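Before any comments, here is the structure.
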Amino acid sequence: MKFFHPTVFFLVSFFISCNVLPFQKKEKNNDMLLIALGILANGSDWVWDLPPGFPVPNVPADNPMSKSKVELGRHLFYEKKLSGNGTMACSSCHFQSLAFADGKDFPSGITNQAHPRNAQHLSNVAYMPRLTWSNPKMTSLELQARAPMFGESPVELGLQNNNFLSALASNPIYQPMFERAFGGSGITEQNVRYALASFQRSMISGNSKYDQYTFRNNKSALNASEIRGLNLFNGEVAECFHCHGGFNFTDTSFHGGAKEEFFYHSNGIHTDAYYAGLASNKRGLFDLTGVASDTGKFRAPSLRNIGVTYPYMHDGSFMCDNANNPNITAGKTKVDCARDALTKVVDHYRSGGQAHSGKDGALIRAFPISDSQRDDMVNFLLALTDDEFLSNPKFASPF
Ligand code: HEC
Ligand code: HEC
C-alpha cells in the first residue's frame, strides 16, 4: 500500500495547508511550492524559518536538515558524556547567553590546556563556507566538530581513545532519537557530528534592532546616534563594510547556491615582530599555509551579536577595562564591558593599527572621525544584539 506512506500523508496535508491543490482557491504561493519541492527532494520535514533579508543557507547533500536531527544535535551539544571525563560539552565553551561565545580570551578543555585562540560565537554559522579563525581546510560543520571532539593540540573534549558512543547508548533517550534522525545506522561517530552540524545550522540570528530597522521597516528601531554609526560603518571613510558587509556582517559567506566566498585579512592588531615571537599555532593563516604573507591573517568575524561576544579578536586582546583579570567583568554590566572593548576596537581602526606587512593598507589606514562619531559607531555595533537569539528555547539546553 505504497500510497499510504507517511510522507504522502504529510505532503497532502501540507499542500492543503498551503492552499495549492487544484480544488482549492488558486493562490500563487511560490514559497510554499518551493518548500514542498524541498521536502520531496530530500524527504526532510525541515522548513527554514528565516528572518526577512536572510538567504537560504546551503546544506550538504549528504546531511539534509530534519527536525529530529536538529533536536538530537541540541541534546548532543549540551551532553557532557561527549567529553573524556564527563565534565564538558560543546556548550562549556559556547554559551547561548553570549551568542555561543564564552567571554574568555582563551578557553581551555578537559585537561586545562589553553586553546591558542578565542572561542567563536555561532550566530548564523550556517552561512560560513570556512570554519574557525583561519583554517581554510575546515569546509563544513560536519568536519569542524572533529576538532573539539578529538583534537590533541589542544585537547578540548578529549574523546580520542574514549568510548563515548557506549556512554551515549547508556542513556535510553538516545537510541530512539538516533533512529528517528538517521534510521538504521544508529549511534555512530559520524551521526553525532552530523546531528551537531544540523543543530548549529539552525542557529539563525536576525532580530536585532538593526534588523528591525533595515528589514522589518521599523524606522524607530534605531536612534539617531545608531543611524549615524550605521552610515559611518557603511561609508568610504571607515571602510568597515568591505570586510564586514552583507546581511551577516562578514565577507565570508555561502548560501542559496551562490558562489562561496571566503577571505583572510590582517586588520593590523599586531606588528610583524609580535607575530615572529609567537608559537606556531598563533600566527593565523600562515600556520596552515606556510606562506609568509599569510602571517596575522584571519577570517573577518560576523559582527552579529558583537555586544555580547567580547573579548574580541582571535586572541581576545580587545577586552573589558577591568584591571588584573581580563575575563572578569566585576562591577560592570555586560553593556559597559562591550562598550569598553568596542571603543578600543574602533580606536584601533581609526588610528590605522600597527605596522604589519600583511595588513590591507587600502582599507586599514587612519581615518579622521571625532570621539562622538566613534561613539556613534559603538552604539550601532551594540544595536546588532539579538536578544531573542540569546534566550530562544529552541537553542537552549534540553537537560
Ligand atoms: C574548550 C573550548 C571549546 C569546546 C569544548 C568547543 N569549542 Fe567550538 N570553538 C572553540 C574555539 C577556541 C574555537 C576557535 C577555533 C579555531 O580558530 O581554531 C571554536 C570554534 C568553533 C566553531 C567555528 C565557528 C566559526 O565561526 O567558524 C564551531 C562551529 C564550533 N566551535 C563548534 C563546536 C562544537 C560543535 C563543539 C562540541 C563538539 C565545540 N565547538 C566545543 C572552543 C571550544
Ligand atoms: C580589511 C578587512 C577589515 C576591515 C576593513 C575591518 N575589519 Fe574588523 N576585522 C577584520 C578581521 C580579519 C578581524 C579579526 C582579526 C583578528 O582576530 O585578528 C576583525 C575583527 C573585528 C572585530 C572583532 C570581532 C570579534 O568577534 O572578535 C570588530 C568588532 C570589528 N572587526 C569591527 C570593525 C569595524 C567597526 C571596522 C571599520 C572601522 C572594521 N572592523 C574594519 C577585518 C576587517
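Even glycines carry a Cβ here, placed using N, Cα and C.
Following the DSSP three-state reduction, the secondary structure of C93 (heme c 1 binding site) is coil. Around C93 (heme c 1 binding site), a 10 Å sphere centred on its CB holds 21 further CB atoms from the protein chains shown. Taken from TrEMBL, the feature heme c 1 binding site applies to C90, C93, H94.
Residues or ranges marked as heme c 2 binding site in TrEMBL: C240, C243, H244. Cβ neighbours of C240 (heme c 2 binding site) (same chain, under 8 Å, six or more residues apart in sequence): L232, F233, N234, Y349. A coil conformation is recorded for C240 (heme c 2 binding site) in the three-state DSSP classification, outside any helix or strand.
Residues annotated as domain 'Cytochrome c' in TrEMBL: 224-385.
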Those binding-site residues among C90, C243, H244 lining ligand 1, judged by a Cβ under 6 Å from any of its atoms, are C90
Mean pLDDT over the domain 'Cytochrome c' (224-385): what is the value? 93
Out of the binding-site residues I have (C90, C93, H94), which ones have their Cβ sitting under 6 Å from ligand 2? none
Could you tell me the C-alpha distance between H244 (heme c 2 binding site) and H94 (heme c 1 binding site) in angstrom, no decimals? 22
